[in-house]
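Quick look at what TrEMBL lists:
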- 33-59: transmembrane segment (TRANSMEM)
- 49-297: domain 'G-protein coupled receptors family 1 profile' (DOMAIN)
- 66-88: transmembrane segment (TRANSMEM)
- 108-127: transmembrane segment (TRANSMEM)
- 147-168: transmembrane segment (TRANSMEM)
- 204-233: transmembrane segment (TRANSMEM)
- 245-268: transmembrane segment (TRANSMEM)
- 280-299: transmembrane segment (TRANSMEM)
């Protein structure tokens, strides 16, 4: 497929509009229809599941901290899928989708920011579990509504600030190769491959973003669960130990899903980059993982199950009335 809109940076600065082409899954044109409807169904189910949890949390008047963070996480997942999937579906429908330089930068910024906010939220949820297990008598005092709001705001502002710095560093590079992005969205490694400079500024910015958005929250989560593990070793009752562990299992499952894919994509040597393999992993990262979140929490979280049951009962009563 010919790539249009490729030019040197001096042409861009003189007023021309630069354009990229998202190739998507152009090598699988014979499966285009099947892939399109599969992604569409997964996308709609993901939106419905996360919307259901978000509405359930908003409608609950007394929200414990874990439920508050879960509502934030569902909101992030809703935005996350809307940033990536519609353009990917368009790319599948037409066999390659053009995207402007500004559009590509905007998509990259929101993708990184929302992914980073999710990492920070997972760290905040790990701290919540630490307080609940290790300091249960002080839980209500420590995890007040004010602290939860400040943590949620810090997660959003911190992630958006880091993402803005990374996006600016990437798009300051000159793009002089054929501007075909071998991906279904403007992911950082895929866009960096199009740069015609050997400078390391953008790669250092990516490394710094990985440290701040991935490594730092992961270390906080690890520290929280190490403290939880130490506390559980002192619990002699198997019932008490199982109950404490059950409060953490949903969060652990989501953390492993999120960090497994993110680590593979961003924390690895540049020589290991493979467009085909990255697209498959990103497909899991942007479609399957957000779909799993509502399933995991609706099955494992008793507060969510209780709220959903109340919503269903109210709906049945309304229908009967």
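Placed from the backbone N, Cα and C atoms, the Cβ positions cover glycine too.
Outside the transmembrane segment (66-88) by six or more residues, the chain places 22, 24, 39, 43, 46-47, 50-51, 53-54, 57-58, 60, 97, 99, 107, 110-111, 114-115, 117-118, 121-122, 124-125, 128-129, 132, 145, 148, 151-152, 155, 184-185, 254, 286-287, 290, 293-294, 297, 301, 303-304 with a CB less than 8 A from a CB of the stretch. Most Cβ pairs under 8 Å with the transmembrane segment (108-127) belong to 147-168, among the candidate stretches 147-168, 204-233, 245-268. Across the residues of the domain 'G-protein coupled receptors family 1 profile' (49-297), the predicted structure has a mean pLDDT of 84.
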